[in-house]
């Protein structure tokens, strides 16, 4: 959940590796300053020596980012474009005297109608960059027009938050921490060698007036002695609150000196650090094999075409991964039909359920405070993604305004998991059997963000039957709390602990995860309505039927936003349709897609609790808003220390009309996480998903005519060794 | 949802093929009467010419059922045992004069302690068969001891239902239907040629005193003209209720002569019947490949061993598939530890939401009324199950008491779907990256039952992290209702229709599916407790914290059954743990497994509606009962026309103690199905699942030490063609 970058504090020397197995975790500025780094595209790893799928006739080509040109109106800014923006900004008056740290520099997407009107071969709409920078304490949102070669807009944000922090801010936090004598004293008193100190610098949220008007950051420290997994060795009770602009410690909490640092035993999860074999029979070689290569193509770097789907896919420093212009082929006419203009994870909210001095502020908004794309590390070939994956790089911008490459940050692959698309058998017909079954093959776009300890895995999965499944997986490490207890036997009242004991001296603090998705549905065009399709129990009247009751479908078209603020209820079931009232099927049913929630959780925090005010977008599971270009981020454009004045909940208070309008659907996937021993030292992935599913969109089952698999369709593979 | 067998009525000749594409669907008695059929084991199909995986050194061997011996106390009765039971019964007085139709003949599982005490190599506990037969209108439940060679018990069931119907009953229904002049008149008046008539004979439920004391069956008819999918061509309004014992029509409804038979256009789903190619780019060859064969073994025909799992797997004519004695290896000690004694789908409930004369009774209990195993047709290789699947046959008993083989009814396969078991990356460490990810490989046991129009796919998936995921997939055909409307334009009030128009003249009637699972958890031994682990909002007191609220974990151990009757609520969240209070971890946490519900639906019918009384096991999503050998079937042992006097809800009224007892967990997966055009003419699979997941069962993450995949671990495959 936590922080943007690592700071390991060695009071003796900054640049010396502390140990061979855990080098000094000094942020690698070369990423941002070495001009050649960012077009040295693909990583190889110790696990996979070669790039899979290359030369197989598939789309796996290395991109030369230094010569890359935008080809689609939604393509992210290229390296050249970013450099040009920087040049333009450098001669823009407020930036000339001293170039400010850049918090964000991304494509300002063209107006929606420009994008919708654009066809391949047309010239691109004007390319513009949106830049956020803090200048003299004020948040500037600047538009740079690349065609005009100048700044066309510079607005000082009126809302309460600050821009996402930059590398300079983390350095400042480090510097202040290092020069604070009480810290050193406390660390030594706890028996931690300074050379083993590892600290992270997460956000502190917003907790009322005395934290306002200053940019604050928290610093939490750990012992990295004998483990790569310092998260499991917290120095409990030690929290610095640093005022980033004044460059001083704003508050110093040092309350837990009686709490031992949990031991390193069993904490390391790296394969190389394991001494024992696992207690299970080894598995034979298994793989999703496609000897002719995958069936998808990626045109111009971002347009994915597969089976009956086409969509634009791009990395984004904040959202991580953005799906745009998702279109599916009509099963009867072959026409490409619009489904979704844009879909992405808009914000995360991760409140921990511990209110003590060192924990209360752990109510992170992982996307707006840190950036999912910025923290989306390269995927591990063969292990994060299967063999024939295509890997896409992110082209992002450092706080110096210069481009850098986030390599292999998205993978795209075809999945065959042994599942059944549809089936039916009739076997009681003598001499004749109907035995029809079809395999389910899907396409997945995946990214994974390591937000400090936690890992979020995002999958957008496309099915040939028109369904899109969006899955969030959680892995990585718990945020554990140190405790004097080695076991529960001496604990007077386990309910007083903020979570279960997951290992000796470690409480796995209970927490929630909420991931709010922005789903700009354009079902057969922008103007859609939201229909709540309720199932309502009806009683029969006497004599009508031997039955007493049945369910009836009652459709309610939402007129305004308030009609579409929905808390899910098992005993008041509904379907949630986004329909196009102007596009009727042969039968007269409106074309639609429905949102199908999966396993989820709701936020139970007090609505007036500061973190819940800031994350009020989790007050409902579903919202529908009229499309508004500025309403992209459910927690507000500037989330850091925001007071909740720019959230989905605030926008939606206007209760705007949403019937037959260009509307945006918002859905929140929630998780309650009560940790357990199995989550130590690293958590098996927990997933939840939702679907967007055609409902009267196709005239009939769109995969009726798909062929079954035959023996000679399948690869010929030989045994290993 | 419907019927056990097909009856196609040709008033001219019973045995002539009506058309080449749809032969007379006369129940194939040869299945039951030809002595050699049942050991002619494996099917080949037009799709897959050869049996995959054979000769790969794996467990894929053809079983010779004629020589098969039982090897495990829970092994189903073998062909020889069934024949011996029949011999014993033939000389048992009530059966001697005329051998009655056998409704059920299965292994009577030994007492649980006998099974728990048994080890491989020990002699088997006495083999017994449990037989249900209707003799002179009374339901006999007979135990035959194979060792003693005699009937040891014969009890007349005191509860209200009848045994599952047999082939003779369906013949009787056919005969009565054929000889009923009004039927012929009505069919001809509707313009259906008698040669095209296809009828099915589903159960009619129980609807009050005037249906009691007689065994009734419904007969519904369709036109099979120009399609294999006669379900889409209902003869609406025509329902015969047949008294099976009197051999006469009990009620004849003929109300819909003004409703046209929907046209055959687009109804056929068979690949061979498709004229167009699908409108999508074709996909390249893709497969889960295991050139060294799968990693699991199946010992003695039924004991599955894979990775860290071991369990007994068997086909069952009623439950379909039964998992027993599921044990997982401890990740630290290697010890095999008990997780679940027995898990299976115990009952289904499928109420349709139409109360008119021809629909009200469609409130099926698909398992107790028809039998999921009896209707589990052979799986289609490569399409129902991937390439390296192992297929297991069912050995079942016809109503003549003779054994027959249900070939390829379960498949077992390893799945790699490209998913991530766990991961974490740290990339800001210069010169050193932690990039750890592990693939998720699982083991699946699958069966599919075609209950007339509907197909149910059951997956039990085992993960190396100890999680078991149970998934129910729905495919096959809708039960559609004929309507005069070709489209919705002339419909005055769509809400008055019992579902949406899914195609011309067809209403997709709204319905629910509830699948109730019996989960006899034995976490580290039989005696367990059920803990409701609630997350409760707490408010802070003034000055305690900048936070106003947080969630606290409150554990409640259920004392009696009433404490564990649970309706799920999003805003009152809980975890549901089955714990062993006597088995504590190193830390002192009780060993446990938790039930993790997924997407589900609840029954909203009136509690006093006859179908809801019979299916009162759906009144809660979760129940916990003390183990009772006789409480296996949530809807009662004898479900046909039962009045609900032998259901889980009734047993549980006793409110028995369940703390630190051998307990059974019951969970219901629910679906509301509002049909749509995409469900016509065959439905893309819709799935829902739940998990059984370790919680403080292992001392730490049990897959911490598993190796990542390396390039040279993967198969070498060559291109097709």
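Cβ coordinates are placed from backbone N, Cα and C, and glycine is handled just like the others.
Summarising the annotation, TrEMBL assigns active site, proton acceptor to A:366. Marked as active site, schiff-base intermediate with substrate by TrEMBL: A:454. Per TrEMBL, compositional bias 'Polar residues' is recorded for A:47-69. Look at TrEMBL and you will find A:72-154 tagged as domain 'Copper amine oxidase N2-terminal'. The feature domain 'Copper amine oxidase N3-terminal' is assigned by TrEMBL to A:163-262. For A:287-703, the entry in TrEMBL reads domain 'Copper amine oxidase catalytic'. The 2',4',5'-topaquinone annotation in TrEMBL covers A:454. Residues annotated as region 'Disordered' in TrEMBL: A:47-70.
All protein chains shown were included, and the count of other CB atoms within 10 Å of the CB of residue A:454 (active site, schiff-base intermediate with substrate) stands at 26.
Around the Cβ of residue A:366 (active site, proton acceptor), the number of neighbouring Cβ atoms within 10 Å comes to 28. Comparing the residue listed as 'active site, schiff-base intermediate with substrate' with residue A:366 (active site, proton acceptor), their Cα atoms are 10 Å apart once rounded. Under DSSP, the residue listed as 'active site, schiff-base intermediate with substrate' is assigned to a strand (E or B) in the three-state scheme. In the domain 'Copper amine oxidase N3-terminal' (A:163-262), the DSSP tally of helix, strand and coil residues is 30 helix, 29 strand, 41 coil. Taken together, the residues in the domain 'Copper amine oxidase catalytic' (A:287-703) have a mean pLDDT of 96 on the 0 to 100 scale. DSSP states for the domain 'Copper amine oxidase N2-terminal' (A:72-154), grouped as helix (H, G, I), strand (E, B) and coil, give 22 helix, 27 strand, 34 coil.
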